[in-house]
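Enquirer: Would you mind keeping the following structure in view while I ask a few things?
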Amino acid sequence: MNENPFLGALEWLSDPARWTGPSGIPLRTAEHLGYTALGVLVAALIAVPVGLYVGHTGRFKGLAVGAAGVARALPTLGLVTLFALLVGIGLTAPLLSFVILAIPSLLAGAYSAVESADPATVDAARAQGMTEWQILTRVELPLGMPLLVGGVRGATVQVVATAMLAAYVGSGGLGRYIFQGLGSQDYPQMIAGSLLVIVLALVLDLALLLLQRATAPRGTAAA
Amino acid sequence: MSWVLENLDVIAGYTGAHLVQALPPILLAFALSLPLAKLANSRGWLRTGVTTTSGLMYAIPSLPLFVLLPGLIGTGVRSPLNIVIALTLYGLALMVPTASDGFRSVSRDVLGSATAQGYAPAARFWQVELPLAGPVLLGGVRVVAVSTISLVTVGGVLGVPSLGMLFVDGVRRGIVAEIAAGVVATAALALLTDALLVLLGRLLMPWHRGREGSRP
Amino acid sequence: MIGFENVRKEYPGGTLAVEDFTLEIASREAVALVGTSGSGKTTLMRMINRMVDPTSGRVTIDGEDVAAMDPVRLRRSIGYVMQASGLLPHRTVLDNITTVPVLRGTAKGEARERARELMDTVGLDPELASRYPAQLSGGQQQRVGVARGLAADPNILLMDEPFGAVDPIVREELQSELQRLQRDLRKTIVFVTHDIDEAFRIGDCVVILRPGGRIAQVGTPQEILAGPADDFVASFVGADRGARTLHVERVDGRDVVVDADGRAAGVLAGAPAGGGNGSSGAGSRGTGSHRADGGHEGGRGQEPPR
């Protein structure tokens with residue numbers, strides 16, 4: 001670290017060779033996005049139906065809250081390394097940890113979305129003759145959509161970070177640059193990799209924040 | 001299992017180092033969030049700014065932050081100080097909006113009647129406002145504590161000693177039991193701290209029976 | 001016709017909401033269930049559309065046990081209006097009114113047309129159709145609630161303290177509009193309230209409940225005022241207070257009705273024996289002989305018949 005390492009990082013980033021080829025920045029970014037999308041999607045397929053069920057019926061609420069709490073206490077790096085050893089190299093090991101770590105946010109998002117509907121509104125909908133499915137899809141979900149998207153947002157942030165750590169045990173993605181830099185004592189490259197991950201994380205977060213705003217039901221904000 | 005029994009001293013040593021990095025951020029985030037939240041609540045635009053910044057801060061993964069800090073403040077890449085500073089920032093990102101909500105949840109009427117009874121501003125804060133915001137603050141500290149204890153392990157990949165070293169060492173040497181021990185020890189430390197906080201809350205706020213089990 | 005036969009409702013945990021309730025409600029009649037909180041009045045009403053199922057006993061509609069009916073279809077055939085309206089906050093006024101017809105499969109255009117008619121019926125400005133509930137006043141929200149309850153043209157309309165959350169002036173306005181509506185539509189209305197004045201005003205028949213759903217007295221407002229069954233009823237309807245013991249004083253050649261404290265309550269219109277100036281659902285009552293001028297209705301002052 002004799003010179004300013006940030007200048008070194010800029011130099012690293014501005015090298016045209018970094019922007020092409022199988023270990024180039026575009027492909028690594030695409031890999032990272034792919035991991036994130038796949039992880040959140042698989043986790044959502046599991047957690048959202050369960051969360052909607054818990055929120056609508058109020059059953060197993062304690063169990064869901066407790067499980068989400070325990071899952072939050074699990075160290076990300078621990079899961080990534082554990083599955084790498086148990087399952088071996090490939091997509092399955094990191095995907096397992098993405099899914100496990102994305103579930104708490106999605107679960108909490110889904111049940112709090114359903115629970116957020118005013119009980120009097122739900123009662124009135126039932127009294128008018130809506131079926132339980134209609135109450136869920138036409139009343140509870142539209143009203144709670146921003147909270148559900150909030151859960152997706154939390155899960156995405158979590159998986160972006162986890163996908164970076166997965167590079168430690170051999171996956172692709174933007175984390176590669178950081179660990180390569182660590183191995184070769186190339187601090188500017190580590191900084192460059194870090195900046196790329198931060199930008200990706202912020203862009204995804206902002207996009208989901210906008211989606212969250214866009215799904216806010218009309219009518220409820222105007223008071 | 002035998003690996004665990006043979007290496008209890010290693011685990012104990014890492015647990016100590018882990019706590020040294022985890023406890024200061026938790027305490028700092030709590031203590032600093034109170035004045036920052038009061039400040040944020042005094043101006044509408046400031047509050048919006050704080051909430052937005054906190055949200056974005058929370059989106060940044062921890063490892064890149066651990067990597068950037070040495071270049072910004074001149075510490076070594078393996079210095080535990082980076083971890084403490086970065087995790088304090090995360091703690092603040094979570095705690096300031098929570099504390100801001102907590103103070104706003106205190107009824108204006110109660111504060112007004114406290115003033116009318118003759119509480120001086122400082123006394124009113126310590127004896128009325130802070131205790132009444134207590135349950136919300138406690139909820140925030142619990143989330144900060146659990147996530148901080150879990151995040152300390154990430155420093156392991158940079159060579160900063162903590163329970164995270166069990167993952168790094170375990171994957172390098174192919175010892176599943178070592179990693180499993182690290183996962184269990186970290187989760188147990190987090191859940192134990194959480195339980196202690198709940199207990200502390202019951203002692204300090206006997207009027208609020210910890211019925212609130214859920215988290216934001 | 002709605003029938004309650006030895007109905008009992010016990011909640012898990014041992015709370016006894018209704019002990020043993022039997023009542024018949026004639027078709028096209030407005031019945032007011034009135035009582036304090038804990039009298040089981042809302043529970044009883046919600047048994048009709050199976051929002052609550054009785055622990056024992058039967059509830060029947062036209063002789064058919066509701067327990068044998070599909071709750072969703074049953075509810076779609078019964079109008080329901082509740083306190084604070086219960087409107088869907090994310091749907092416009094028009095969409096809220098068309099909810100049930102659309103659920104029942106009515107074409108959207110047809111449902112909307114009917115909804116616009118109903119808005120007119122309940123006295124809502126057509127311009128409000130595209131507003132959201134939060135953009136309406138409390139009184140307007142309740143009118144939407146009534147329109148929604150009537151949208152599927154049900155024979156039965158259940159009303160759970162529908163005007164409880166609006167201010168007294170708007171409440172009186174809504175009450176008289178409901179009376180007007182009922183004169184035109186002649187639905188079977190079950191109206192739950194804790195306000196005895198409202199019960200007397202809306203109900204052709206009034207059921208006064210004690211805690212646990214026990215009936216203290218059933219009758220027309222006139223019958224109850226003329227002969228309270230016991231001290232509980234007398235005190236509940238306020239027969240022992242000045243406001244209900246009216247007498248006539250002659251002032252400047254006109255008959256002025258005055259209460260026990262000497263405060264003027266109104267002026268007698270027309271001949272004392274006429275009795276045609278009633279203000280609440282007079283046509284459906286059939287008990288005109290009870291309509292004593294010194295009774296409760298006289299205390300309402302001058303109100304045009306229509």
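Heads up, the Cβ atoms here are built off N, Cα and C, so glycines get one too.
Relevant sequence annotations retrieved from TrEMBL are reproduced here:
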type	residues	note
DOMAIN	A:29-208	domain 'ABC transmembrane type-1'
TRANSMEM	A:33-55	transmembrane segment
TRANSMEM	A:62-89	transmembrane segment
TRANSMEM	A:95-114	transmembrane segment
TRANSMEM	A:147-170	transmembrane segment
TRANSMEM	A:190-211	transmembrane segment
Enquirer: Would you kindly list the residues that approach the transmembrane segment (A:33-55) from elsewhere in its chain, counting only those six or more residues past its ends and only Cβ-Cβ distances under 8 Å?
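Expert: For the transmembrane segment (A:33-55), the sequence-distant neighbours (Cβ-Cβ under 8 Å, at least 6 residues beyond its ends) are 61, 64, 94-95, 98-100, 102-103, 106-115, 136, 140-141, 144, 148, 151-152, 155-156, 159-160, 162-163, 166, 171-173, 200, 204.
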Enquirer: Six or more residues out from either end of the transmembrane segment (A:62-89), which same-chain residues have a Cβ under 8 Å from its Cβ atoms?
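Expert: Same-chain contacts beyond the ends: 50-51, 54, 96-97, 100-101, 103-104, 107-108, 111, 158, 161-162, 165-166, 168-170.
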Enquirer: Can you tell me which parts of the same chain pack against the transmembrane segment (A:190-211), counting only residues 6+ beyond its ends and a CB-CB cutoff under 8 A?
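Expert: Distal contacts: 5-6, 8-10, 12-13, 25, 28-29, 32-33, 36, 149, 152-153, 156-157, 160-161, 164, 174-178, 180-182.
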Enquirer: Quick test of the contact rule: Cβ under 8 Å, at least six residues beyond the ends. What residues does that give for the transmembrane segment (A:147-170)?
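Expert: For the transmembrane segment (A:147-170), the list is 32, 35-36, 39-40, 43-44, 48, 51, 76-77, 79-81, 84, 89, 93-94, 97-98, 101-103, 105-110, 112-113, 116, 141, 176, 178-179, 197, 200-201, 204-205, 208-209, 211-212, 215.
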